[in-house]
Amino acid sequence: MGCSSSVPEEAKVSASVDQQLGEYNKMRAENSRNHFKILLLGAGESGKSTVLKQVKMIYRGRIADDDLQQCVMAIRKNSIECMQGVLRAMDTFEITLGLAENAPRKKRVREFAEEGVFTPAVADDIASLWADPGVREAYGRQSEYWLLDGASYYFDNALRLGQADFVPTDEDVIMTRIRTTGIDTTDFTEPPYMYSVVDVGGQRNERRKWIHCFDNVRCVVFLVGLNGYDQRLFEDSSINKMRESLNLFRQVVSNPIFRSTPIFLFLNKKDLFETMVKNTPLSVCFPEFPGPENDVHAALEYVQAEYSKILEEAVPGKELHAHVVAARVRMDMKVAWGDVKEQLKRMNSRKKMGKSGAISTPKL
């Protein structure tokens, strides 16, 4: 009797446990659907880290004190290394200083050690050299050697950067170049959604680490430095940056793991590109570019078409979602990143309804 009466009770308990497990699994599945892992890819110096910094500022607000302190050291290092790069170029091109009194300054900056202290005197040396006609001439030939895009910003602000009480502004943080090594993940939430943005170093020796980030990726954001059409790689000065980027994009979109993964293309550094194209035609990288020469819009359309062509060859019929941006401009990032989020949410909704949809390519 006692045993028979316990059977319905056990069945109730079992049913309750099954229901709880079902609800738990449903919740986990929902959480998984609402968790978007976004992979930032691109060649070195394409702007991935700048995009990530903008995302942090837009969605997480205040910059951590540790990050600010790191920025102080990094932007000062950027300044001295860039000026040293220009001075080496002067020697290579046999360009002399325009002002003889700058010779001691040139010597001090050339000999500045990596562990040296960036004092106001060092900052003054950089500012004075930046005003020298010979330095300006060598800087004007930067397409012939490697130099950070932000060099002129560092030189223009050298005296401020050298102040003992220097505190970086948001723009300083954005302009600071810290080479990404390893994997940098930034999480932020907008209930019920959670985003994990993964940035991996873009230099050649860092790319072997990319494979560790490929699991559960909901979309790829590929960064292109538009100004790279007339620049050389940090790792190999014989290689054009834009050509390297195109080859890398081909490798990414041809990878079977990304066959059904949405691809967003951020054509970055439009501000630098617009200035460069007016003086240096796109044909230096793309001899087949039909022109009009020095036409910014035509040049942009051509570059985007080159990436679209690669995607079409790799995955016929797959569409590309492109944005032309300057990652250092907050509004550009708000618009472009907002579109990425909206597209992910729409695709999420289609998945829930068992439907699929393509991503369109907006007009430039």
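Each residue, glycine too, has its Cβ placed from N, Cα and C.
Feature annotation from TrEMBL assigns GTP binding site to 45-50, 199-203, 268-271, Ala327. Among the features that TrEMBL reports, Mg(2+) binding site is placed at Ser49, Thr180.
Long-range Cβ neighbours of Asp271 (GTP binding site) (same chain, at least 6 residues apart, Cβ-Cβ under 8 Å): Ala326, Arg328, Val329. Packing around Asp199 (GTP binding site) is summarised by its Cβ count: 26 other Cβ atoms lie within 10 angstroms of its Cβ, all protein chains included. One residue stands out among the binding-site residues Ser49, Thr180 for having the most other Cβ atoms within 10 Å of its Cβ: Ser49. DSSP assigns Thr180 (Mg(2+) binding site) to coil in the three-state reduction, placing it in neither a helix nor a strand. The number of other Cβ atoms within 10 Å of the Cβ belonging to Glu45 (GTP binding site), over all protein chains shown, comes to 24. Other C-beta atoms found within 10 angstroms of the C-beta of Lys269 (GTP binding site) number 25, with every protein chain shown included. Gly47 (GTP binding site) sits 11 Å from Thr180 (Mg(2+) binding site), taking the Cα positions as reference. In the three-state DSSP scheme, Glu45 (GTP binding site) is classed as coil. If you take the Cα of Asp199 (GTP binding site) and the Cα of Thr180 (Mg(2+) binding site), they are about 8 angstrom apart, rounded to a whole number. When the Cα of Thr180 (Mg(2+) binding site) is compared against those of the binding-site residues Glu45, Ser49, Lys269, the shortest separation belongs to Ser49. According to DSSP, Lys269 (GTP binding site) sits in a coil region rather than a helix or strand. If you draw a 10 Å sphere around the CB of Gly47 (GTP binding site), it holds 24 other CB atoms from the protein chains shown.
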